[in-house]
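Let me begin by presenting the structure, written as structure tokens, before commenting on it.
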Amino acid sequence: MKKAMRKEARSIASVMRLQFHDCFVNGCDASLLLDDTPNMVGEKLALSNIDSLRSYDVVDEVKEALEKACPGVVSCADLLVIAARDAVVLSGGPYWEVKLGRLDSLTASQEDSNKIMPSPRSNATYLIDLFSRFNLSVQDLVALSGSHSIGKGRCFSIVFRLYNQSGSGRPDPAIEPSFREKLDKLCPLGGDGNVTGDLDATPEIFDNQYFKDLVNGRGFLNSDQTLFTYPITREYVRVFSINQESFFKAFAQGMIKMGDLQSGRPGEIRRNCRVVNSHRPRVEVLFETSKRKE
């Protein structure tokens with residue numbers, strides 16, 4: 001992870017995001033990492049993932065190193081959850097102990113991903129309902145949205161905010177005017193939707209700047225700014241914008257809860273995160289806790 005960070009700072013933010021997109025679809029089982037096969041259309045090309053998720057190569061490098069050191073021991077599902085934690089720590093965020101013992105899925109489903117993963121256009125009401133399905137609270141929602149403290153987002157995800165919010169033909173009134181001018185230049189109407197912008201003012205540092213930006217109307221995504229415009233989530237945004245320690249604590253708690261999501265389906269420990277093992281051994285899940293090496 002350190003090597004990946006030195007090569008490209010954004011890469012570890014991308015790795016962290018993989019846990020969210022994996023765990024919300026049939027639990028934390030690394031189904032996201034499976035490549036398509038003639039008999040299976042996986043999750044990588046799902047609506048929320050295509051042209052958005054990246055850094056699969058970092059996961060491949062980590063898995064290769066793990067297999068050399070202790071073959072058949074660490075699942076790709078555990079790898080994603082540990083790597084997400086390490087991405088936060090390496091960016092200046094909190095440390096937490098990660099439960100281990102997840103199994104890798106034997107299949108993946110683009111349809112399942114399309115049904116569950118939220119759009120950048122989502123509003124707070126929809127997000128609260130979505131998170132509640134996984135026993136994640138409003139505080140969890142706001143704290144976990146703070147993952148956008150690091151990384152970048154695409155113009156494709158915000159052009160509607162800039163030029164046609166809710167079909168009005170006008171920009172989102174919640175965007176602070178000078179920030180909107182900046183985004184207009186970055187993402188002109190009809191421009192390249194794959195151009196990227198910073199998700200907050202300190203995109204390589206995991207801190208509470210994300211929440212300060214929301215308070216000031218400088219959220220990049222609609223699904224971010226809605227957390228401040230909606231009354232039920234607004235107070236959490238205010239608290240986290242003032243108290244970074246409170247945010248760090250809530251974020252770690254939310255990540256642990258999300259990491260516990262399981263489907264109960266049979267699984268294995270893949271040798272290569274992109275494909276299932278040919279013999280498909282089935283093993284029993286056993287949660288343990290990772291310990292920091294002093």
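The backbone N, Cα and C atoms fix where each Cβ goes, glycine too.
Curation plays no part in TrEMBL annotations; they are all automatic predictions.
Annotation source TrEMBL lists site 'Transition state stabilizer' at R17. The active site, proton acceptor annotation in TrEMBL covers H21. Look at TrEMBL and you will find C23-C28, C76-C273, C155-C187 tagged as disulfide bond. Marked as heme b binding site by TrEMBL: H148.
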Please tell me which one of the recorded positions listed here (C76, H148, C155) sits closest to C23 (disulfide bond), measuring Cα to Cα? C76
Close in space but at least six residues away in sequence, with Cβ under 8 Å from that of C155 (disulfide bond), the same-chain residues are L186, C187, G191, D192, G193, N194, V195, T196, G197
Within the same chain, the residues at least 6 apart in sequence whose Cβ is under 8 angstroms from that of H148 (heme b binding site) are L199, D200, Y210, F220, L221, D224
Specify the nearest of the recorded positions R17, H21, C28 to C273 (disulfide bond), where nearness means the distance between Cα atoms. C28
Neighbouring CB atoms within 10 angstroms of the CB of C187 (disulfide bond), all protein chains considered, total 23
Taking the Cβ of C28 (disulfide bond) as the reference point, list residues of the same chain whose Cβ is under 8 angstroms away and which are at least six residues distant in sequence. Q19, D22, A77, L80, V81, R102, M258, G259, D260, L261, Q262
Give me the count of other Cβ atoms within 10 A of the Cβ belonging to C273 (disulfide bond). 24
One finds that other Cβ atoms within 10 Å of the Cβ of the residue listed as 'active site, proton acceptor' number exactly 21
Roughly how many Å separate the Cα of R17 (site 'Transition state stabilizer') from that of C76 (disulfide bond), to the nearest whole number? 15
Would you say which of the recorded positions R17, C76 has the most Cβ atoms within 10 Å of its own Cβ? C76
